[in-house]
Structures are given as structure tokens and as C-alpha cells.
């Protein structure tokens with residue numbers, strides 16, 4: 001919420017990449033909200049989160065939609081950063097605000113279409129054979145269809161984009177060194193991109209890989225709920241906690257640094273009482 005408020009209230013942050021950052025924060029907010037909804041259902045009636053019920057379709061669908069939107073946002077941010085760095089090298093395409101708004105709309109539309117398929121009938125409330133043991137009443141083949149391709153995209157696309165950015169920056173640095181010019185800026189940018197990309201990979205690996213492993217185990221193991229209780233459900237809850245922690249890590253990686261974000265937020269809050277006097281311009 002702090003990221004959303006700061007970026008909407010600060011005019012110099014209304015850039016194409018800021019729209020994607022703000023949308024990523026909205027996706028993380030929905031993920032946290034849907035996770036809280038599922039937790040409340042577990043507190044009030046634990047059996048429906050284990051054996052499945054029609055009441056779990058809506059929160060699970062919202063949870064799936066939010067995670068898919070987060071993945072699509074991460075991919076869009078990586079592509080936008082690549083185009084921003086490479087525009088002076090091989091392409092003159094420039095990302096505008098209209099492009100970012102269109103990407104946000106398309107990502108949410110695709111996430112809703114895929115995430116709400118169980119609400120449209122692709123569920124296992126009647127078909128007991130293909131029901132997911134960990135995420136009843138979702139079907140196993142639906143979870144495989146949703147999870148594996150999107151996780152592969154979440155790993156491969158950022159890998160390509162950030163590696164290309166590092167290669168482009170290194171080529172520019174070598175070209176400037178050959179001309180006898182200073183290369184401190186490119187060296188610093190290359191180090192920062194490499195550090196950020198490693199952090200992105202570690203965060204994605206820690207959060208989404210266990211969830212994918214749980215889906216694969218669910219598809220390969222045809223056991224009853226009683227056979228997997230309680231160990232498998234403890235593992236399921238841990239994967240949900242890791243995804244929730246990702247929602248806290250994304251603002252730190254993809255938005256401004258904590259110090260800069262805090263400075264802009266404090267400046268904006270100080271400007272609110274003095275708005276009538278127009279004494280502060282950020």
C-alpha cells in the first residue's frame with residue numbers, strides 16, 4: 001500500500017515502468033488478501049481446506065489469479081527494462097505509458113481468464129478421481145496446466161532479459177574503454193543489474209519452486225487425504241507462506257530503495273497539510 005500511494009501521489013514517478021511497479025504492488029496486495037481469506041477459512045473450518053468444498057473455489061481462484069498476475073508483471077518488468085536499455089543499440093522502440101497500461105490490462109485479463117476456470121466448471125467437485133489432494137476441489141490436470149508453463153516463463157524470460165541487459169552494458173563499457181573514456185557509470189549499472197537479477201532468481205526459486213514441486217507430487221502421487229495428513233499439508237502451508245513473503249520482497253527489489261522510497265513518502269506527507277499554499281512541489 002505504501003508503494004501504491006507513493007507512486008500515485010508523486011508526479012515524477014508517473015513513468016511507464018512506475019505503472020508496472022504499481023501494478024505489481026496491486027497484485028501482491030491481492031495475493032496477501034486472498035491468502036488471508038484462505039487462512040480465515042482454515043481457522044473457522046479446517047476440514048474444507050483439507051477435503052475441499054465449494055466454498056474454497058472463490059478464494060483459491062482469487063489466489064491463483066493474483067499469483068498469475070504477479071508472474072506476468074515480473075515478466076513485463078524484465079522486458080521493459082531490456083527495451084529501455086537496448087533502445088539505443090538495436091531498436092528505436094520506446095515504451096510509452098499507453099503501452100504499460102495496455103500490458104497491465106492484458107496481464108490482468110489473462111490472469112482472470114486462467115485463474116477463474118475452476119469457477120467456470122473446471123473443478124473436481126463431482127469427479128473424485130482427478131481431484132487434487134493438496135488443493136481440493138481443484139483438479140490435478142488444471143493445476144499442472146496452470147503451474148508448470150507459468151513457472152517456466154517466470155524463470156526463463158527474466159533470465160534472458162537480465163542477461164541481455166548485462167551483456168549490453170558490458171559491451172558499452174568495453175567500447176568506452178577502447179575510446180579512453182570513463183566507464184564508472186556502466187560498471188556500477190552492470191553490478192546493480194547483476195545483483196538485482198540474482199536476487200530475483202533467488203526469490204523466485206525460494207517461493208515458486210516448492211509450490212511447483214508440490215503440484216508435481218500431487219499429480220504423481222495418487223493417495224488419500226488421510227495418507228498425507230499432516231506432513232503434506234504442513235508443506236502446503238509453508239509454500240503459501242513463502243509466496244506471501246514474496247509479496248513483501250517484490251517492493252524491495254522492483255521499486256525504489258527503502259531510503260529513497262521513504263524520503264519521497266515523508267516529503268509527500270509533509271506536503272499534504274501545505275497543499276493549499278502550494279508551497280511544496282515534488
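The backbone N, Cα and C atoms fix where each Cβ goes, and this holds for glycine too.
What TrEMBL lists as domain 'G-protein coupled receptors family 1 profile' is 1-254.
Positions annotated as transmembrane segment by TrEMBL: 17-40 (among others).
Annotation source TrEMBL lists transmembrane segment at 60-79 (among others).
Below 8 angstroms of C-beta separation, residues 16-17, 19-20, 23, 57-58, 60-62, 64-66, 68-69, 72-73, 76, 80, 137-139, 142, 146 of the same chain, each at least six residues beyond the ends of the transmembrane segment (100-122), sit close to that stretch. Positions annotated as transmembrane segment by TrEMBL: 100-122 (among others).
Residues or ranges marked as transmembrane segment by TrEMBL: 142-167 (among others).
Sequence-distant contacts of the transmembrane segment (200-221) (same chain, at least 6 residues past either end, Cβ-Cβ under 8 Å): 74, 132-135, 140-141, 143-144, 147-148, 151, 154-155, 158-159, 162, 228, 232, 235-236, 238-239, 242-243, 245-246, 249-250, 253. According to TrEMBL, the transmembrane segment annotation covers 200-221 (among others).
What TrEMBL records for 233-256 (among others) is transmembrane segment. Outside the transmembrane segment (233-256) by six or more residues, the chain places 2-3, 6-7, 21, 24-25, 28-29, 31-32, 35, 38, 50, 67, 70, 74, 77, 134-135, 196, 199-200, 203-204, 206-208, 210-211, 214, 264 with a CB less than 8 A from a CB of the stretch.
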Kindly state the mean pLDDT of the domain 'G-protein coupled receptors family 1 profile' (1-254) in the predicted structure. 79
Surrounding residues of the transmembrane segment (60-79) on its own chain - C-beta under 8 Å, 6+ positions past either end: 17, 20-21, 23-24, 27-28, 30-31, 33-35, 37-38, 103, 107-108, 110-112, 114-116, 118-119, 135, 138, 146, 150-151, 153-154, 157-158, 161-162, 200, 204, 243, 246-247, 250, 254
